[in-house]
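Asker: Here it is, the structure in full.
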Amino acid sequence: MAGAPVAVPRPPASPRPPRPARQRGPQPSQVPTPTGDGQRSSSISPVDTTYSSEWCTSSLKDFALRPSTHSGALHRPTFDEEFGADVPECTAAGAAALDSVRGGCRSCHKFRLRLEHEERARVKAQEQLARLQAENLRLRRHDSFPAAQAAVEKCFAGSEGGSRSSRSVVAWGEDAPNTGAGSSLADVEEVGHSLESYRREVSILREALEARDAREAELHERMRRQRAEHEGEKQEWEGQVAGLVCEVQDLEERNHELELALRRALAAVAPSAMTSTAASGSHGGPSGPSSEATASGLEDVMAAL
């Protein structure tokens, strides 16, 4: 018994912690305690770390997919709404591109509406300014009505037949019933506007008449120059024609003189030719036909002349 080997009992193996299930949180029974059998070692395995990160990610996804009931919102905003909320307003180039694609963008539409409102406000301000100016003018003319009447009389006196018109206007102003300063000032203002329009029309007509007179004078001057040039060319042509007629007359006279000289020469040559022809005919020589031809040729020339 003393030499027999002694069997040493093997210590019991440490219990392995159970693997946590996926997408689930740790069980309360599996949470390690400071002391006890279920306490884990200080080293954490990579498998446990992976499972913990997967559990956190799945928990966040589940929380994000849950409907939100805060302030009555039951559904999450769509991706287009979230993306459109962060998109900045388009620029001029972007607006032009979007106009060609879908007929404009939201910011451009807002800008157009703002421009329309500003235009309406500007028109209203101009109308109000015109009313204020008219009221101010009315008040000024109400204070200086005699001066305005004198100015109207002077304006009418400056035009043709203005004296009688001014007298009639003054008489009408004196005889008219006093219906209030507003009506009289309005009438005076209307008369002033009509006078101003009349002056403008007269000035425009005068300018038109002056322009027409200038055009007519230029046309007359041009026609006078053309007429003078035509007369000069006509005289030059007549001189050339007269020179040509004189040359033709000289040529005809010279031709007539040459014809007379030729006839005299032929008349002087004809008797001698006839005598020579007769002599050759009496001899009966072979030169008889040539003499006859010469005499006949001279007779033809005399007949042609």
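Backbone N, Cα and C define each Cβ position, glycine as well.
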Asker: Taking 115-142, 143-170, 171-198 as the choices, which stretch does TrEMBL tie to coiled coil?
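Answerer: TrEMBL lists coiled coil for residues 115-142.
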Asker: TrEMBL tags one of 201-235, 271-305 as region 'Disordered' - which one?
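Answerer: Checking TrEMBL against the ranges 201-235, 271-305, the region 'Disordered' one is 271-305.
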